[in-house]
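These notes concern the structure reproduced below.
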Amino acid sequence: MTSSLALSFKASNATTASMTDELAEVYSYGELVFIGCTWTLVAVLGVVGNSLVILSVILSKLVQTSTNVLVVNLSVADLLTSLSLPWSSVVMLSDGASWPLSTEVPCQIAAFLFHTGLGASLYNLALIALNRLVRITRPLATYNRIFSPCKMAWIVTFAWLVPVIVVVFPPTIGVGNLGIDTKLPSCSDDELHPLAELYNLAQAIGFFPVPLITVIISYLAIYMYIRGHFKQLSTITNGDNPTPHPNSTEVPGEASDRASREEEYRSGRSQHRISQQQLTITKNLFVIFVTFMLCISPYFLSLFVPTSKRFTLYFATILILNSCVNPILYGAKHPQFRKVFRPMLRCRWERIPQPSEALKAMLARRQENNA
């Protein structure tokens with residue numbers, strides 16, 4: 001029994017040493033240190049930025065909308081991803097193929113947070129696209145009925161339930177495991193598991209096809225609808241509607257018809273002004289999806305190119321940048337979040353627009369303390 005355990009231990013050490021030597025042929029220790037420090041910096045920026053997004057929704061009613069429930073859900077997913085990154089840095093700053101602590105549980109938890117956060121991000125982006133599709137193309141009453149508070153709770157639950165099942169269920173039946181990825185030194189999948197490739201395939205199938213198809217179809221439908229909307233608006237605006245000469249005689253029916261066309265035109269312009277903010281929000285949320293795809297595409301494409309092993313870790317670094325870039329996009333482009341971010345970053349809490357009850361209570365308490 002003792003000799004069997006000893007042989008098993010020696011075999012495990014030999015495998016780890018082999019993987020360490022193989023990793024050293026691809027990346028120098030200096031590169032691992034640089035990338036590990038970069039991941040830690042991204043983690044700090046991601047935690048701060050996504051916490052800012054979540055806090056802004058708590059403090060201001062201006063951003064407490066159905067769409068922003070999904071935006072906050074996306075920020076929570078990015079926050080979990082950010083919290084998982086320092087543990088991968090620990091792997092990189094060691095020898096790149098072993099775990100320096102006495103237990104791998106922290107690495108396994110980090111792997112769970114990373115994969116679940118990635119999957120939840122994809123499903124949230126898909127749900128945001130559907131939300132925008134209904135908001136732009138359907139009456140407001142229909143939108144409010146579909147995205148009521150009660151139904152939003154189920155929608156948010158769905159966005160997390162699917163990724164959790166995809167990540168947790170396969171290991172429970174012996175397909176793959178979470179832990180140290182020795183090929184890509186990080187807390188991810190245990191690549192030494194005999195069914196590791198099947199586990200990777202299950203994640204790919206569970207995470208990507210449905211959300212990506214949903215997003216593409218939704219934004220394509222939005223584009224077609226907006227294109228048709230502006231064509232119709234252009235027809236109303238540029239149609240023949242000549243102003244009658246002062247000395248001309250005008251049949252009452254013709255005057256009524258002209259007044260009707262003018263009213264239709266004014267109504268069309270008014271509806272255009274009302275929808276302009278929604279169009280801006282939709283465009284900015286589409287930019288967030290495009291940014292997400294630009295971040296994850298290099299890494300996943302590299303998995304199908306055997307000769308790209310030398311750059312896989314760098315592509316993975318581009319992938320994790322997505323966890324900290326969304327708050328920057330909200331602050332720079334999103335019209336609602338931008339109004340809330342400015343006073344928050346300056347700590348001028350009293351200037352936050354449409355303060356929530358929580359913010360009002362905080363300001364009242366501060367006034368009492370200063371009195």
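Placement of Cβ uses the backbone N, Cα and C atoms for every residue, glycine included.
These come from TrEMBL:
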- 237-250: compositional bias 'Polar residues' (COMPBIAS)
- 255-267: compositional bias 'Basic and acidic residues' (COMPBIAS)
- 49-330: domain 'G-protein coupled receptors family 1 profile' (DOMAIN)
- 237-272: region 'Disordered' (REGION)
- 32-58: transmembrane segment (TRANSMEM)
- 70-89: transmembrane segment (TRANSMEM)
- 109-131: transmembrane segment (TRANSMEM)
- 152-173: transmembrane segment (TRANSMEM)
- 204-226: transmembrane segment (TRANSMEM)
- 285-305: transmembrane segment (TRANSMEM)
- 311-332: transmembrane segment (TRANSMEM)
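Outside the transmembrane segment (152-173) by six or more residues, the chain places 66, 69-70, 73, 112, 115-116, 118-120, 122-124, 127, 198-199, 202-203, 206-207 with a CB less than 8 A from a CB of the stretch. For the transmembrane segment (109-131), the list of distant contacts is 66-67, 70-71, 73-74, 76-81, 83-85, 87-88, 147, 155, 158-160, 162-164, 166-168, 178-179, 187-189, 203, 206-208, 210-212, 214-215, 218-219, 285-286, 288-289, 292, 322-323: same-chain residues at least six beyond its ends, Cβ to Cβ under 8 Å. Counted as Cβ pairs under 8 Å, contacts with the transmembrane segment (70-89) are highest for 32-58 among 32-58, 285-305, 311-332.
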